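Straight from TrEMBL, the features:
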- Glu179: active site, proton donor (ACT_SITE)
- Asp323: active site (ACT_SITE)
- Glu427: active site, proton donor (ACT_SITE)
- Glu446: active site (ACT_SITE)
- Thr533: Ca(2+) binding site (BINDING)
Amino acid sequence: LPWRQWAPAAASMLRLAAPPSGHAFFFRLQLLLLLLLLAVWASFPRPSGSVYEQLLRDSLGRTVYPDSGGRYRAWMPASERLRYRRLVRDMFAFGYDGYMRHAFPADELNPILCRGRGPDRANPDNININDVLGDYSLGLVDSLTTLAVVGNVSEFRRAVSLLADRLSFDTNSTVQTFEAGIRVLGGLLSAHLLATDSRLPELRIPGYGDQLLLLARDLANRLLVAFDRSPTGIPHPRVHLQRGVPEGGRLDTNLAGAGSLLLEFATVGRLVGDPTFEGAARRAVSALWDLRSRVTGLLGSSLNLTDGRWLHEGLSGLGAGSDSFYEILLKSAVYLDDPQLGALFSQSMDSVAWHQRAGRTDCLNGLGQHPIWLNTEVRTGHLANSWCDALQASWGAVLLLAGRLDEAICLHAYFANLMHRYKLLPERFNWRHRQPEVLFSPLRPELAETNYFLYRATGNHFFLHVGAAMVDNLNKYAKSTCGYATLHNVHNLTDLEDRQESFFLAETVKYLYLLFDETNWANRMETDLIFTTEGHPLSIARFRSLARPAGFDFNATPPAAGWSGGACHNFNSDRRLRHLLPLSTAQWVELDRATGLSD
């Protein structure tokens, strides 16, 4: 406070503070010294200008206060957590009910005009729509597991019955192999496993006869053609659900799209006793792995599936086109209990960290440039451009699973800063110019995902406040007539696009709900669950209990003590750490500068 505000109060305290013993002079001298010490403490730099203090104050200001060391603590009472849990449940209900009332059985909801959206039959080249929408009630399939998570058991059962009666994949649609695999196949498999899990009797469906599994097998067979018709084992990016791989179709694909279906294909294969599916997905990973640069060890983002040439000047990174490959490599190593896959991830992690991580070496304790992850040229490791995209925010959850909690915290902080600056994450941000390059925001889940897992790992209430800010921003800026709309321009928060993506209900809302629902079955069972890249939970124990096919040799060396692992600080071991902001004052100041919140 300015001295004019606290000095009169201090003088009054000195006049009034006289102990009955008569030692008034010495007592007042001690009190004066104490006030002087407080004044000196107040003069030291504090994160009063930091976006994080402001973010917390915006969310629940009375719970943020400085401790004796000048660091800010965050606390969210149980009543507030319950309030935000209700808000997220209402958010899901609004988006889901809008879809069911105005769009079903179409694939998506237009939340402004309250209409259904399906494939663009008039323009087959409109891959932004047609890659995802296949005339297979995508919105309902992708929402099944969120219904289970938020506890709407009656609607979960009704939705399963609706799909069992109506869903067919015999449609005149060309869809992206990857999107159909993670959203539809993954949603069906996860919902089937939940409906048959003896630990979750509330989700049991009377008379259920594995209809979701039968549908999943049908879809998997249709997608399998993309692998079988490839000369390299790297799947074609698109399939026609009736006729297979389109004649004269595109041969360019990307690392994430071609190599991220192992969880879904392994699960359906073991549930139905057919190793063909898992074998195809494994061979695709092996074929991609063999294309890595022998100089840098990096993998590119886009490639020609017939000859393995890296496209787009050999761009390599962790965002769009690459993100889920590394995620699924690590998760598959855990889910399948496969050390060979773990070795691939470990080697990839070492190469990526060496060539693509920039900034201070010690993320949590050092000073200097805040760490960022770069896009580089695959053959040289040289910088390729100066942008990152919203999909890279999921890398924090991967870092956490790999044992690098410190790095996960710093990556999360960067994207949380961008979220606070723009309210909703822009699709692409130029870190050199500190301005967004692609302005729309489709309400992606990646930051909510990393934020949720960081809270589960640390118990730090800071992440509750970040989640609360996300909820508030979504309700304030994205809520529309009958659902939640894509933001068209982060510079104009009233400029909405008439589309509610299925991943908003499948992932964004799910991770926010789990953040605030401590006793949720998914949190109680968290050590047994792997979430797919679309946010669908799979039971590790149930998968490992199924018959295991013969292994595949990736020619990978055993995992070594590399960059991944070994830095998972146990925040839960010291309860005092649960309420500290994760970075120091100086680090906040640098981060604010790096993300354009200060000069």
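If you go along the chain as it appears here, the first residue is 1 and each next one adds 1.
Even glycines carry a Cβ here, placed using N, Cα and C.
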The sparsest Cβ environment within 10 Å, among the active-site residues Asp323, Glu427, Glu446, is found at Glu427
In all the protein chains shown, the tally of other Cβ atoms within 10 Å of the Cβ of Glu179 (active site, proton donor) is 20
Cβ contacts within 10 Å for Thr533 (Ca(2+) binding site), all chains included, total 26
State the Cα to Cα distance, in Å, between Glu179 (active site, proton donor) and Glu446 (active site), rounded to an integer. 16
Roughly how many Å separate the Cα of Glu446 (active site) from that of Thr533 (Ca(2+) binding site), to the nearest whole number? 10
List the Cα distance (Å, whole number) between Asp323 (active site) and Glu427 (active site, proton donor). 14
The residue listed as 'Ca(2+) binding site' to Glu427 (active site, proton donor): how many Å between their Cα atoms? 18
